[in-house]
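For reference, the structure discussed in these notes is given below.
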Amino acid sequence: MSTVQTVLGTITPNLLGRTLTHEHVALDFEHFYRPPPPDFECELKAKISMSTLGYVRLYPYSSKENVRFYDGEALEAAKKDVLLYKKHGGGSIVENSSYGLKRNLEFIVELAKSTGVHFIAGTGHYIHAMQDASHASLSVEQMSDLYSKDIITGLQVNGKMVKCGFIGEVASVYPIHDFEKNAIKAAGEIQEVLGCGVSMHPHRVTKAPFEIMRLYLEAGGRADKCVMSHLDRTIFDIDELLEFAKLGCYIQYDLFGTECSFYQLNTSVDMISDGQRIDNLIKLIKEGLVDKLLMSHDIHTKHRLTSYGGHGYHHIHTNILPRMFDRGVTLEQVEQMTVTNPANWLAFDP
């Protein structure tokens, strides 16, 4: 029987409830720090406060405090928001911190125990530039062995074995680095063997998701067990997105709550708004793709947590879904995207 592998053990898919499929509760994002504009250097070097928050929202990657999503203050704020998520009907969170992002499995396990929210942890590799020496030269075979071990055997956390429940996020730049090609191929190989879900992080160019899927499918991975993340900042043309959808993977809009059009990590494009995300999802629903859609926030900086003036993990449930209902999306369609699709993606028979 297919089950979902959480950090506290296996559960049946029907117990997941509403699920956020791409989040982080602790990670190190300092690699993406950008020097602040000279005019705002003082404000962005200061501690985040009401007087500096406006600058941080415009230049989130220019505040070192903001990208240090791993210190005690960040963990306390993340726990508060997971509890708010639970309060507002949240059931499960898929934690996408992989090798290179310094995932904190001990904290994830503690959150699962203390909040009652199901957490599914990922294995896999982030971009090559963020790997330490022990991982930077791994072969496809070595990666495959590692991913399989993390899922089948688990990792030791405080004397107990904690198993990962999917492969992800598997991240790449563009052109895709050889190390990252190995990670994509290893994910495809292990997916074919174990049947588990996979989550991909494409670079910020339209060609990247297509190339990732080619490598993954050629390695044996199933399209219907693969999520392509961050498509709301990658493929902006709806016809091109429909063309990509023909490959059969899940289409994930996972930057809900990111409302600043100026996108520091790709200044050549404007980040779309939540209203535009809703409009695009409705277009995809009308094209018959509701069974391939997923939603999340990809919280990875402090300023998106409520303790720092942000929206928290409950934003989709409390703010986005009501707006979708107002625009004609049905409860059945919302349940498909937030409950059924995540369960179908995560369930496998290890």
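Cβ from N, Cα, C; glycine included.
Note that the structure is a prediction, hence the values are computed from the model and not measured.
Record features (Swiss-Prot):
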BINDING   HIS22, HIS24, GLU169, ASP298  divalent metal cation 1 binding site
BINDING   GLU169, HIS201, HIS230  divalent metal cation 2 binding site
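Rounded to a whole number, the distance between the Cα atoms of HIS201 (divalent metal cation 2 binding site) and HIS24 (divalent metal cation 1 binding site) is 14 Å. Reported as a whole number, the C-alpha separation between GLU169 (divalent metal cation 1 binding site) and HIS230 (divalent metal cation 2 binding site) equals 11 Å. Counting every protein chain shown, the Cβ of GLU169 (divalent metal cation 1 binding site) has 27 other Cβ atoms within 10 Å.
ASP298 (divalent metal cation 1 binding site) sits 9 Å from HIS230 (divalent metal cation 2 binding site), counting Cα to Cα. If you take the Cα of HIS201 (divalent metal cation 2 binding site) and the Cα of HIS22 (divalent metal cation 1 binding site), they are about 10 angstrom apart, rounded to a whole number. Every protein chain shown contributes to the tally, and the Cβ of HIS22 (divalent metal cation 1 binding site) ends up with 27 other Cβ atoms within 10 Å. Residues HIS22, ASN96, GLY168, VAL170, ALA171, SER199, MET200, PRO202, SER229, ASP254, ASP298 surround the recorded divalent metal cation 2 site, their Cβ atoms falling within 8 Å of the Cβ centroid of GLU169, HIS201, HIS230, which are themselves excluded. Close to HIS230 (divalent metal cation 2 binding site) in the fold, though at least 6 residues off in sequence, lie HIS201, PRO202, ARG204, GLN252, ASP254, LEU255, ASP298, each with a CB less than 8 Å from its CB. Take the mean position of the Cβ atoms of HIS22, HIS24, GLU169, ASP298, the recorded divalent metal cation 1 site; other residues of that chain with a Cβ within 8 Å of it are GLU23, ASN96, SER97, SER199, HIS201, SER229, ASP254, SER296, ILE299, HIS300.
For the binding-site residues listed here (HIS24, HIS201), the lowest count of other CB atoms within 10 A around the CB belongs to HIS24.
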